[in-house]
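All remarks here apply to the structure that follows.
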Amino acid sequence: ADDEDCCSYEDRREIRHIWDDVWSSSFTDRRVAIVRAVFDDLFKHYPTSKALFERVKIDEPESGEFKSHLVRVANGLDLLINLLDDTLVLQSHLGHLADQHIQRKGVTKEYFRGIGEAFARVLPQVLSCFNVDAWNRCFHRLVARIAKDLP
């Protein structure tokens with residue numbers, strides 16, 4: 001019930017609507033640009049987080065490795081948003097993501113908080129009626145599950 005209070009049905013519906021605007025199939029290049037802007041914002045506010053992405057060639061933003069990572073992050077978030085009303089599958093997937101991130105040295109709760117802040121700063125720039133409160137309530141709930149065992 002606590003999850004319901006923090007990310008209500010109305011919040012989930014609003015988030016899916018917002019995300020549909022960002023994620024429509026006609027905007028494939030825009031998706032990568034948005035996630036790149038999110039990472040740029042993250043690195044601006046949390047510069048030490050940049051070292052976590054050396055494996056995906058963060059210093060070569062036009063590389064296939066980095067663009068592929070951006071797509072994976074965006075697709076992962078897309079999946080989570082589309083699972084917001086399927087609690088059992090969502091919880092299973094969040095557990096999987098938590099396991100993946102606990103294995104990555106240097107990943108912290110603070111960086112997850114930072115990427116949430118970055119999305120909240122970037123998305124209003126590309127969406128005219130972005131509901132930051134609904135976004136934060138749902139995004140923070142998802143991140144809390146993924147980052148629960150991180151330092």
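Note: Cβ is positioned from N, Cα and C throughout, glycine not excepted.
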Original post:
When you check Swiss-Prot, which of Cys6, Cys7 turns out to share a disulphide bond with Cys138?
Top reply: Cys7
Original post:
For Cys138 (disulfide bond), what is the secondary structure state per DSSP, taken as helix, strand or coil?
Top reply: helix
Subject >> Surrounding CB atoms that lie within 10 Å of the CB of His101 (heme b binding site), all protein chains >> reply: 17
Original post:
Where does His101 (heme b binding site) sit by DSSP, helix, strand or coil?
Top reply: helix
Original post:
In the domain 'Globin' (6-151), how many residues does DSSP put in helix, strand and coil?
Top reply: 115 helix, 0 strand, 31 coil
Original post:
In Å, rounded, how far does the Cα of Cys7 (disulfide bond) sit from the Cα of His101 (heme b binding site)?
Top reply: 23
